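The structure appears below as C-alpha cells.
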Amino acid sequence: MHADPAVEVTALVKRYGDKTAVDGLSLTIARGAVTAVLGPNGAGKTTTIETCEGYRRPDAGTVRVLGLDPVAQAGQLRPRIGVMLQSGGVYAGARALEMLQHTARLYAHPLPVGPLAERLGLDSCGRTPYRRLSGGQQQRLALAMAVVGRPELVFLDEPTAGLDPQARRATWELVTELRAAGVTVVLTTHQMDEAEQLADAVAVVDRGRVIAQGSPDELRGTDARLRFDGPPALDLAALRKVLPDRAVVTEPSPGSYRVEAELDAALLAAVTGWCAGAGVMPDKLAVQRRSLEDVFLDLTGRELR
Amino acid sequence: MTATDLTPRPGAAPVGRMLLAQTALETRMLLRNGEQLLLTVVIPTVLLVLFSTVDVVTVEGPGERVDFLAPGLLALAVMSTAFTGQAIATGFERRYGVLKRLGATPLPRWALLSAKTGCVLVTELLQVLLLSGIALALGWSPHGNPLTVLLLLVLGTAAFSGLGLLMAGTLRAEATLAGANLVFVLLLLAGGVVVPLSKFPDAVRPVLELLPVSALSDGLRSVLQLGGGVPWADLGVLAAWSVLGLAAASRFFRWE
C-alpha cells in the first residue's frame, strides 16, 4: 500500500449559478481500499466525484487524483482511472459487446473482453443494441467499461442502483476482487448495506461537506441495544442499579424489555446475572447493534428533502 | 465464474489505434442507422433517378438532364452527411452522455473529432461512388478537373461540419433533430440542388447564392457540367462558412 493517498480533495467549492453544490469539502481517500461516499440526494456526491474525474473545474479548493490535477493533467490521468457514470455513456445503436470491445481498444493492456462480459452476465445480451438492454444490463455494461482498461483507481457512481439481487451480488464480488487485486475503489451509494458490506472507509456527505468519516465500525460506534422478553412489570429500578450510569432501561410494551448502553460482555453478564437472581428467564435475548442507516439518519436528519 | 486478473496495468493505446477504432465505430453506427441511410443514400439516389428520367423540374445548361442534376445531388450528399447526419448523431451522443463517457477514456478530444471527420469522409466517398455510378448509367458526361471537384467537396464538408457541430453542441438533441431536418429540406429546395436558382425572384437570389449548399452545387456544376476552371467565388463562400462555422463550434460546443 502506498503512503500517499489516491484522492486528496481540499476545501473544494463548486457552484452552479447561485446554488452551491459543494461547500468546502475535504476528503482523503486511501490507496488500495474501497471507500463509499454516502449522502442524501443533492448532497454533492456526484459533483465531487465528477470533479475528481476531471469533468468539473473547482471554483475554489484543490483536487488531486493519483497526485495529478484532473483538469490540467487529464491526459496523464485518464489512462489510469476507470469511470462508471450514473447513466448513459453508450451509443444507442451500439451492441453491448461491441461497446465493451471498443472501450478495451482504447487501452494498452485491457482485460480479455469475453471472460469479463461472461462474469457480469453480459454474454447472453452481447449482440443486443444498448437501447434495448434492461436497466440492469446497462449498469453492468457501464461497470465492465469502467474496469476493462485495468485502471489503478475506479470511480463508480451508484453502481448497483436498480439492480436485481443476483446482479448486485456479482457487482459486489467484482468490487471485492478489485480491492484484492490492489485497485482503489471509490463508490457512491444510497444503500447502507452496500457500504457496510464493501467499504473499508465511509465518508458521509451532506449539504456539500463531509460530516463524518471512518470505517463502518468506527461510525457505528459501540452503542447497542439489548432486547429480551420476560414476565411483565419487572422491577427496572433494581436492574438499573447493576448497570452503568449511561444505560437506559425501558419496557416499551408489557413483558418486552430494552437496554440501551455501550455494549460489552460485562453489560451482557450484568443483565443476565440480574435475571438469574430474580428468577427470570430472559427469552428472545438479542443484541441489536446500531446500523449504518441509524448513524446516517442521525447525521443527516430524517425529514424528506 | 471465470477468474479475471484485475491487477492494475493502466495505459493508453497508441493514438493511431484509438483513432482507427473510433472512426470504425462511428462509421458502423452511421451505416447501421436506418434514418441516417434514408437521408444520406435513399433520398439523393431517388431524387437523382426520378428527376433525371421524369420531366418534373426544369433544368438548365448544356447536356442531358442528369448533367445538371448530378452535381446538385453530390452537393446534397455532402450536406446530408456532414451537416444533417453529423448534427443529429452528435446531438444524441451528447444527450446520452456518450461524449462525456468517451471524455474519461484515453481518447483525446481532437482524436474524437478527427474520427467524426473520418467517418464523414468515408461515408461521402461511398455516396460519391454510388451517385456517380448511377449518374453515369443515366448518361452523365462529367467535365473539368477532378482535383477542383475534390477541393470543392472538401471545403463543402468543412463548412457543413462546422455548422452541424455548432448545432449539435448547443441545442437540445430533439431541437437539433427537427432543425437539421428542416434545414435539409429548405436547402434542398432553395439551394440550387434540383431547382435552378434562376427560377427564384431577383430579390432573394443574391441571398440564396450565399448559402453553402448553393455555393457547392454551383461550383460543382461550373466544373462538372460547364467544364469551367476553379470557381473562386464559390470556394470563397464555402471558405467563409467553414471559418465561421468551425470557429463558432469550437467556441460554443458543450460536451454535456
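Every residue, even glycine, has its Cβ placed from backbone N, Cα and C.
For B:35-256, the entry in TrEMBL reads domain 'ABC transmembrane type-2'.
Taken from TrEMBL, the feature transmembrane segment covers B:37-57 (among others).
According to TrEMBL, the transmembrane segment annotation covers B:69-92 (among others). Nonlocal intrachain contacts for the transmembrane segment (B:69-92), taken as residues 6+ away from its ends with a CB within less than 8 angstroms of a stretch CB, comprise 29-30, 33, 35-36, 39-40, 43-44, 47-48, 51-52, 59, 99, 116, 120, 123-124, 127-128, 131-132, 135, 140, 142, 153, 156-157, 159-161, 163-165, 167-169, 171-173, 176-177, 179-181, 183-184, 187-188, 191-194, 212-213, 216-217, 220-221, 223-225.
Per TrEMBL, transmembrane segment is recorded for B:119-141 (among others). Remote same-chain residues near the transmembrane segment (B:119-141) are listed as 23, 26-27, 30-31, 40-41, 44-45, 48-49, 52-53, 63-64, 66-67, 69-70, 73-74, 77-78, 80-82, 85-86, 153, 157, 161 (criterion: CB distance under 8 Å, separation of at least six residues from the stretch ends).
Feature annotation from TrEMBL assigns transmembrane segment to B:147-168 (among others).
Annotation comment: TrEMBL describes B:175-197 (among others) as transmembrane segment. With a threshold of 8 Å between CB atoms, the same-chain residues lying at least 6 positions outside the transmembrane segment (B:175-197) that come near it are 39, 47, 51, 57-60, 68-69, 72-73, 75-76, 79-80, 83-84, 87-88, 91-92, 164, 167-168, 205, 208-209, 211, 213-214, 217-218.
Marked as transmembrane segment by TrEMBL: B:232-253 (among others).
Through the fold, the transmembrane segment (B:147-168) approaches residues 74-75, 78-79, 82-91, 94, 113, 116-117, 120-121, 124, 128, 176, 179-180, 212, 215-216, 219-220, 223-224, 229-231, 234-235, 238-239, 241-242, 244-249, 252-253 of its own chain, all at least 6 residues removed from its boundaries and within a Cβ separation under 8 Å.
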